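The structure appears right after this line, and notes come after that.
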Amino acid sequence: MDNKKFLDFLKQNRIEPKNLSIYLEALTHKSYANEHKLTKNYQRLEFLGDACVEWVISNFIFNYKIKDNEKMRSLDEGEMTRARSNMVRSEILSYAAKDLGLTDFLMIGVGLEQDQSARMEKIYEDIFEAFIGAVAQDQGIKKVSLILEKTLIKYFREGQINYQKDYKTIFQEQAQRINKKPIMYKLVRNEGDKKEVHLVWNDLIYGIGIASTRKEAEILAAKNAILKLDDYTKKA
């Protein structure tokens, strides 16, 4: 790792490290640790970061207000649960790691360097949580909140994540009001970081999703399918 670039990265995120080694630990995969005979990897910090993310996001959601019938109100328990679940999904945390630029500093074993499978997406999720754990240990929970404001909370405010039911559930409920035919998510392309999924219902392709993970592609396919289903019901 280029320590100067990493220090610049921390500075861009308003972090003046008291203990640089804890951040390096947060970015060290066990394969790299094994190859270089290091005693530490990111797993313990990932455990801590997971708890920190949950607390900060739960606190944000608890205080979040929405406009409902011209009045502002808090989210109810079900909405809070869905919002938190949507905000900490694996693909969201993985995306946040890439968006923040953490993946540029990941230290990983030689055997995994060329791996473009879903396993890497899981590793990106892990280092995001581990980095949050490192920030919590070195800087405190307020700085963690600032990092999450730039990522997960920003995605929520911009509408990329919502507190309502996920797209797959919405499509399933709407489709089953019409008939009970099965909904299938077919993986039709699996090329490195490009997964293409077709949502098939009523013997028709209702939605297509392309993303870096199959799960995310299924969600996009369901989102597109909802629009097509709306047209179907309007014409019916």
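Backbone N, Cα and C atoms are what each Cβ position is placed from, and that goes for glycine too.
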>> With Asp126, Glu129 listed by Swiss-Prot as Mg(2+)-binding, which of these, Glu46, Glu54, Glu191, Glu196, is given for the same site?
In response: Glu46
>> Neighbours of the Mg(2+) site Glu46, Asp126, Glu129: Cβ within 8 Å of the Cβ centroid, same chain, sequence order.
In response: Tyr42, Gln43, Leu45, Phe47, Gly49, Asp50, Glu125, Ile127, Phe128, Ala130, Gly133
> Reported in the order helix, strand, coil, what are the DSSP residue counts of the domain 'DRBM' (166-231)?
Replying inline: 30 helix, 24 strand, 12 coil
>> Using the alpha carbons only, what distance in Å do you get between Asp50 (active site) and Glu129 (Mg(2+) binding site) once rounded?
In response: 5
>> I'd like the per-state residue tally for the domain 'RNase III' (6-140) from DSSP, helix first, then strand, then coil.
In response: 92 helix, 10 strand, 33 coil
